[in-house]
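Visitor: My structure is below; once you've seen it, I'll send some questions.
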Amino acid sequence: MRGLQTNRHSSFHHLLLLFLVLLRSDRCFGIVCYHCDSIALPECSQTLGEVGVLPYKECATELTCAMSIVDSITYRGCGAETPIIGATYSKTCSTNLCNAGVYPPGRLKCHHCAGQECVAAPASKPKPCRYHLEEDQCYTDVISSSDAYRGCTSEQNHTLSTSAQLCEINGCNEEQGAWTQVCATCDSAIGRGCKIDLFQVNTGRCNVSLYEECQQDVLLGEQEDKYCFSFRRLSRVVRGCSTKIPTDLEPYVEQLEKCNTSDHCNAGCITQQKCFTCNSVDQELCRTNITAIANSTCSSAEASSCFSCEYSNWSIQRGCGAPPENPQITKCYECDEGAGCNSKDFTRCYQCSTDQAGAGCANWESPGEIYIEECDEPAAPCVVVSFNNATTARGCQKSDFSCASANVASCRLCEGSFCNKGSFPEERLWCHQCRGVQDCEEISRGQTAMPCPARANEPEDQELACLEYFDINSKEIVRGCRSNPELYYECLLRSNHFDSCRTCHSQACNNSPGRELRASYELEAKALSLLQGKSSAISIKFSNAGYGVWLIFSVIYIVTC
Ligand SMILES: *[C@@H]1O[C@H](CO)[C@@H](O)[C@H](O)[C@H]1NC(C)=O
Ligand SMILES: *[C@@H]1O[C@H](CO)[C@@H](O)[C@H](O)[C@H]1NC(C)=O
Ligand SMILES: *[C@@H]1O[C@H](CO)[C@@H](O)[C@H](O)[C@H]1NC(C)=O
Ligand SMILES: *[C@@H]1O[C@H](CO)[C@@H](O)[C@H](O)[C@H]1NC(C)=O
Ligand SMILES: *[C@@H]1O[C@H](CO)[C@@H](O)[C@H](O)[C@H]1NC(C)=O
Ligand SMILES: *[C@@H]1O[C@H](CO)[C@@H](O)[C@H](O)[C@H]1NC(C)=O
Ligand SMILES: *[C@@H]1O[C@H](CO)[C@@H](O)[C@H](O)[C@H]1NC(C)=O
């Protein structure tokens with residue numbers, strides 16, 4: 001019990017003592033501040049002011065420390081002793097040694113120089129920028145290989161050119177301003193040895209050795225535009241300096257392989273080409289199943305491409321390098337993208353359009369006007385497409401004929417020759433579409449049935465229908481799709497009466513015989529002529545009242561029909 005009381009007592013004493021000491025030290029001793037100027041001690045402006053580097057001093061009566069810059073000279077000291085008149089920056093603070101640090105805080109240090117000696121990487125240390133700006137930057141502005149400027153952007157005593165390089169870390173504007181780049185230069189069209197080193201064939205990674213050198217001056221800020229390049233396309237390889245690109249390569253500038261890491265960095269060998277090498281004359285698999293044949297490394301270092309050719313007798317030859325010259329060859333391609341690129345076959349597709357071939361191109365039931373198209377593009381897929389206007393067309397896929405073409409209603413793409421066969425599109429309603437007295441009178445299966453066109457904004461749930469009618473104006477049978485609005489109106493208005501426009505909903509269902517469609521009209525025509533015969537007989541007997549009776553008969557006829 002006693003011990004506890006004593007302890008409480010002594011804690012209170014300690015607190016009191018501490019309070020008195022704090023009060024006393026504030027009252028009786030001045031604050032401690034760093035004390036220097038950068039004329040006598042250059043570190044005064046540049047160091048972070050760690051203890052031991054800058055001198056410090058106990059101020060006599062003052063309670064503040066200060067830092068200032070006057071005429072580019074840094075001063076640190078007790079509040080009142082430090083000059084502030086004409087200062088570009090000044091600051092006071094009130095804790096011990098608080099006037100430490102680079103002044104102002106965060107002021108950037110950059111290399112400063114101008115002229116010819118400024119082109120090389122600077123040898124001296126960077127200096128703080130004259131002004132304090134939050135967004136200050138160091139610059140390196142190389143005007144030519146003999147004129148350059150470095151400094152802080154805030155100093156504004158040099159107008160920056162567009163190629164000036166800016167950076168924001170102390171001393172960062174230290175890069176060399178100009179250098180010479182040396183590249184290998186050669187062209188396989190002019191001499192051997194530009195593709196693969198002739199002495200290191202089969203060693204995998206290597207550098208070519210048969211080349212000349214080209215040089216170009218590179219200034220800091222234009223590395224993007226100056227590089228060594230190598231170019232590879234089919235049987236041609238070219239290497240050189242970006243300032244001397246041959247004019248015939250200008251269309252391919254985007255495809256140049258660029259490097260700038262070291263001199264001759266563009267001398268790397270191309271990977272040796274691998275091609276399928278075979279002939280269908282002695283190896284039928286060369287045509288029928290190329291995947292069953294191994295592709296082999298080309299024996300010649302100069303063969304950087306592969307080819308496939310077809311002869312007029314349909315035999316196929318594949319191999320390394322450019323295609324052979326032979327008048328019996330009907331078509332070839334040359335390729336260089338990856339191993340075994342000459343595996344692609346020449347494809348052939350059925351080609352037709354219902355605009356020319358009629359229904360046969362869509363329903364695949366009659367052979368007229370269906371052609372074979374030799375695809376220009378090797379291994380091109382075959383396509384069968386149905387457009388919104390109900391035209392169905394078949395052919396090789398090409399830029400202006402594909403499933404991505406405009407107005408495509410449905411489309412099928414397939415791989416392999418002649419795969420675009422069979423009726424299409426199967427999911428849409430097909431109707432006989434014809435007009436006239438001869439072909440359209442009697443329908444035999446497949447004769448004229450074609451997919452119906454898709455109406456603009458056709459509702460998804462719209463039930464499609466075929467229609468057929470006898471046109472009382474032109475006296476002909478008409479068959480078609482209800483989704484063709486003009487035809488549907490005609491069907492309603494020009495058939496004998498409203499139920500003479502027949503519709504039905506199954507595939508090619510509008511195949512009623514012509515005589516059935518014209519039957520009701522003919523019946524009525526007969527009745528009419530019968531009536532006409534009677535009325536004229538009556539009108540002879542009752543010549544006076546005859547006109548009125550005929551009128552009554554006509555009215556009755558119109559009303560009852
Ligand atoms: C710009 O001013 C800075 C600081 O005053 C100086 O170090 C530098 O040499 C000057 N640069 C030029 C290009 O005059
Ligand atoms: C090829 O040249 C490059 C650049 O000069 C070099 O880095 C590389 O080691 C060389 N490779 C061989 C296999 O000599
Ligand atoms: C190489 O070029 C890139 C831009 O293409 C550039 O960023 C880089 O600094 C350049 N390197 C050398 C060593 O010039
Ligand atoms: C092609 O050859 C490969 C490998 O021998 C075999 O797996 C494949 O079934 C063949 N394909 C055809 C269509 O014969
Ligand atoms: C096809 O023609 C080529 C060139 O004329 C010939 O080499 C090849 O033997 C012929 N192929 C057949 C199967 O006759
Ligand atoms: C050709 O050979 C290479 C390497 O053996 C292999 O990676 C590639 O798949 C082959 N290509 C074909 C189409 O067989
Ligand atoms: C139908 O559309 C296709 C594609 O837009 C076009 O090529 C064809 O000529 C058109 N046919 C008719 C009859 O308008």
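Note that Cβ sites are derived from N, Cα and C of the backbone, with glycine treated the same way.
The domain 'DUF753' annotation in TrEMBL covers 348-420, 430-510. Annotated signal peptide per TrEMBL: 1-30, in sequence order.
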Visitor: Looking only at the domain 'DUF753' (348-420), what is the model's average confidence as pLDDT?
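Guide: The average pLDDT of the model in the domain 'DUF753' (348-420) works out to 91.
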Visitor: Using DSSP, tally how many residues of the domain 'DUF753' (430-510) sit in helix, strand and coil.
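Guide: Here the numbers are 13 helix, 24 strand, 44 coil.
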Visitor: Per DSSP, what is the residue tally for the domain 'DUF753' (348-420) in helix, strand and coil?
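Guide: Across the domain 'DUF753' (348-420), DSSP assigns the residues as follows: 8 helix, 30 strand, 35 coil.
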